Structure formats: structure tokens, C-alpha cells
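Below is one structure, written out as C-alpha cells; comments come after it.
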Amino acid sequence: MAAIVIVGAQWGDEGKGKATDILGGRVDYVVKPNGGNNAGHTVVVGGEKYELKLLPAGILSENAVPVLGNGVVINLEALFEEIEGLEARGADASRLRISANAHLVAPYHQTLDRVQERFLGKRAIGTTGRGIGPAYADKVARVGVRVQDIFDESILRQKVESALDIKNQMLVKMYNRKAIDPETIVEYFLSYRDRLEPMVVDSEYELNTALDAGKHVLMEGGQATMLDVDHGTYPFVTSSNPTAGGASVGSGVGPTRITHSLGIIKAYTTRVGAGPFPTELFDKWGEYLQTTGGEVGVNTGRTRRCGWYDSVIARYASRVNGFTDYFLTKLDVLTGIGEIPICVAYDVDGERFDEMPLTQSQFHHAQPIYETMPAWEEDITGCTTFEELPQKAQDYVLRLEELSGTRMSYIGVGPGRDQTIVRHDVLDEK
């Protein structure tokens, strides 16, 4: 029995989909415990590239059962569009399970998300506009609509009417928009009821029963540590907890059942949207990382901001997630660049910080303190063992391991499933 949680260690787009795809073929369940269709990931299988947004990467595994956990917020239109797109390419989505306790994203959530971002202007967070934040806000305010509610029309209608009592006041009086008819929302949800019903289960019970039977469960966190609503660069964060603790809450798998916490981290750093980013590059190297690394957001289409590896963030992520292992991705992107700077600490108004500063104001003003290492010139995309890597590449990985305080168990040397070096296999360890 193993319960493994996968967590992004930076600001997202680290390659969690690849990690899930590699491990997902050897586990019995792959669970998405948080987020919605706001966090895309790319998986390359058999030379074909799949871009997933709401569904877990385990949907492409032939054996694993994919699950959307209770912590996910689900846009039904986006869900079935994604399913249909995969099925058109020959994928089998019939094994998908959805928690009855997951919350639903309503059309009014998307409307409010877009209107509020425009209203904020320069103070906007930079959301995807897909209604994720408003859906989570309703969940916490206890006025959200859950998956199970669409199977009882009277409860559904009552919840929608109650939610729109307040939201229509906001739309009309604050944002000068038209009120939304509750009946159109009820009809929208009911139109998906028959297709949804076969997928809905008590996922918490099913997952724990599977673990009791000695099966393997992989939890695939969305977004990343630095976007966590509590532990990230607030307020430039998502609306859920995409850290290891959040995976437990969003799946119903208790924390003592988690055997490995696997952090996914790039050999450099990227970020999409607004917010502080100490190692961000504005020169030719930033453009090089964007171009060579293919740094364009799957979900937003926005070019990612790029910077050097930040070991302060890596240590912080290891601590708040209890990482047992790291999966280092995109090492190949750094081939042939001469020297590679590594951020080892911050300078904030003349004071050195080896760990995360206490306040967001300090973090916003943090300047990176770098050490440099020589890059390698050799093509590493065909390397299959750590020993096959050029010595300079090995030295770089070992230095990141030392600075991060967590072993680098997997190393990505290309986008393909088979372009991964395995130093320690979490599924072979107790």
C-alpha cells in the first residue's frame, strides 16, 4: 500500500502532469484533490501531446482509476468538453470517478470573476477568469452547489436562488450588469445530470477501502506551493490549498496514510500572472528560457515569466509539504548556456535571508544572492541513468539537492515519458 502526493514546488507549470503520467501507470487510483479547470498540464504519451485542464493526468493511464476529489470545483461544460476531446483521440474516460461532495462552478461564478478582475484594474490578481475563486468563496460561505445537489431538483433550485439573491445585487448595483435568471442556471445544471450520474461516487470511502486492500493511490495536486492560499505569495495565489496538507483534505485520505510527498520542481523557475518573483529575468536569458523551455501556459496561453532556480523557495516548499523526494524537470533546457546562476539567499534592504522572509513586503523587495555553476555542452536528452549525465550536469543536480535539503529522485531530460532518469523509485519503497 502506498499513498503518494505530488505537489508543485514553485508557482506551477513544473511538470506535474509528466510525473503523474510516469507513476500513474503503476498505481490503482490517480486523484485530483483541488483546483478546477484553471491549472493546465501537458502530458506526452506515445509521441502525442495531450493538454489537460480539469481532468487528472491519470485519465491517460490504461490501468489507474482517475478521480476528481471533494476538494475540486467542477465546471461541467469544461468537464464534458475535455472528456469528448480525449475520447475523439481514442482515450477511455469511462473509469472516471467524481466525488459527490465536490463543488460546481456555475456560469455566474465565471461572470463575477471576469467582472471583478476588470473592476480591480491595475490591482487585479491575474486570474484565469474561469470562476474558480468565486466558486471556492461560495464553498467557504456555505452557499455553494455540490455535485450531489443536482440529483435533487428542489435542493438545487433553492441553493441557486439563494446564491443569486446576493450575486444579482452585486451585478446590478456594483457592476452595472444585468441580473441572472436562476431558472437558466438550474436548467444548465440539470442538462448534465444524466451524463454525470454514473461517475458520481463516495470517493473518500472508495479510496480508503482501496488503501486498506493494499492498493496504490496517487494524489495529483494542482497549481503549486507558492500559489497556496495560506503558504503562497498572498494575495497573488489561487483559492485552494495545493500543498500536501490540502491533498489530504481534498481527497479524504488521512495524512497518516501518505507514504511519500513528491515535489515537482523545474531546473529554473517560472511564473504566470502577477506577483513577486525574486529571480525573474528581463534579459536575453529570460527570453532564452521562454523559447527553449516552451514556456507558454497550457490554460491561459500567456507567456510565462522566467528566472533562475531559487533554492530559498525550494527549501520552503520542502518544509511546508514535508517532501521526501523531488522530481527535477527540464534539466535539458539549461544545456549549453555557459554559466548557471543559482539563488542561494535573498538580500532585503541589506539584510541576508537564507529562508523565506517573514512578510510579503520583504519578499516583494527581495534581491537574489547568486552563486554560479558551469553548464554542460553535451546533449542529455538520451541519458537514462544519472551516471550517463555529463559531470557538470551531475554537479548541478547534486548542488540543487544540497541546497534544497531534499533528494532529487527523478530527473527530467526531455518532454517524453521515457526521458526521465530514476535515482530512487517511490513506488519501490515502503
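Quick reminder: no glycine exception, Cβ is built from N, Cα and C everywhere.
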- Need a hand: Swiss-Prot gives Asp13, Glu14, Gly15, Lys16, Asn38, Ala39, Gly40, His41, Arg142, Gln223, Thr238, Arg302 for IMP, which of Thr128, Thr256, Thr259, Thr324 is also on that list? Thr128
- Query: What three-state secondary structure does DSSP assign to Lys18 (GTP binding site)?
  - Reply: helix
- Message: Roughly how many Å lie between the Cα atoms of Gly40 (IMP binding site) and Arg304 (substrate binding site), rounded to a whole value?
- Response: 13
- Closest of the recorded positions to Asn38 (IMP binding site), Cα to Cα, picking from Asp13, Gly15, Thr303, Arg304? Asp13
- Task: Inside 10 Å of the Cβ of Val413 (GTP binding site), count up the other Cβ atoms and send me the figure.
- Result: 26
